[in-house]
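Chemist: My questions all concern the structure below.
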Amino acid sequence: ALMGHMVNAIYQIDEFVNLGANSIETDVSFDDNANPEYTYHGIPCDCGRSCLKWENYNDFLKGLRSATTPGNSKYQSKLILVVFDLKTGSLYDNQASEAGKKLAKNLLKHYWNNGNNGGRAYIVLSIPDLNHYPLIKGFTDTLKQEGHPELLEKVGYDFSGNDAVGDVAKAYKKAGVSGHVWQSDGITNCLLRGPTRVKEAVANRDSGNGYINKVYYWTVDKRATTRDALDAGVDGVMTNYPDVIADVMNEAAYKNKVRLATYEDSPWVTFKK
């Protein structure tokens, strides 16, 4: 997955996909009542980017639905995976479940069109705090209660806090999650981070008895870092510059080894070499 970072305005969906992304990451901020409110990051953010672009969350979902519904005039067939970076740091721990419920209702109505020919992209709910694992159950229970358990086939999970791999595994156990797990590792592009933990995550993915299905690395803007990530065997690279990553993927060392995922590839099944 070639993941466009911080895609928070509707017009940026086309911008990033046209540069080569087949996946986008979008920030979601919450109001005091745990309602998803805006697709907004705020200051500070990655170097070289505007931190202030935003939409109302429900409006963004409608724009995203247009971009991922075959037959729609705005349809982008390459866009197959969306990571919602859930900014739950503004919430109390005891609001996590409520945030999950409200998120499920919003997605069901505005993205999945109540199960009636909605958007087709796979969704990853990315949570920054292991203590907010009840968000997952709030989300999954709500989709079941609303009569759409089949949509959970389209949903995966990520804890994005760079926590110890063992601690993340425990949080998933508490949340009742087995499968559909993406593990992120990374840091803002303003700083450097070594590949130690991403290699650990890849090892867990490939061990056959780990909890991780896919690993992605963020935020990768330089060719050298891209090569390091591809050499480590990641499944996804998140970037501010999709065209840079696409260039590296076309280099002789990689063009026969890696390719962009298509809709037919499962985002939940670990790729066997």
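Cβ atoms are placed via backbone N, Cα and C, with glycine included.
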Chemist: Taking Asp59, Asp85, Asp93 as the options, which does Swiss-Prot list with Glu25, Asp27 at the Mg(2+) site?
Modeler: Asp85
Chemist: Taking Swiss-Prot as the reference, Cys190 is linked by a disulphide to which residue in Cys47, Cys51?
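Modeler: So the cysteine paired with Cys190 in Swiss-Prot is Cys47.
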Chemist: Around the recorded Mg(2+) site, report the further residues of that chain (criterion: Cβ within 8 Å of the mean position of the Cβ atoms of Glu25, Asp27, Asp85; site residues excluded), sequence-ordered.
Modeler: His5, Met6, Val7, Asn8, Thr26, Val28, His41, Val83, Phe84, Leu86, Lys87, Ser126
Chemist: Could you state the CA-to-CA distance between Asp85 (Mg(2+) binding site) and Cys190 (disulfide bond) to the nearest Å?
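Modeler: With distance taken Cα to Cα, Cys190 (disulfide bond) is 19 Å from Asp85 (Mg(2+) binding site).
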Chemist: Using Cα coordinates, what distance in whole Å links Cys190 (disulfide bond) and Cys45 (disulfide bond)?
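Modeler: Given the Cα positions, Cys190 (disulfide bond) is 9 Å from Cys45 (disulfide bond).
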Chemist: If you count CB neighbours within 10 Å, which one among the disulfide-bonded residues Cys47, Cys51 has the smallest count?
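Modeler: If we count Cβ atoms within 10 Å for the disulfide-bonded residues Cys47, Cys51, the smallest count is at Cys47.
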Chemist: When you rank His5, His41, Cys45, Cys47, Cys51 by Cα distance to Glu25 (Mg(2+) binding site), which of the recorded positions ends up on top as the closest?
Modeler: His5
Chemist: How long is the line from the C-alpha of His5 (active site) to the C-alpha of His41 (active site, nucleophile), rounded to the nearest angstrom?
Modeler: 11
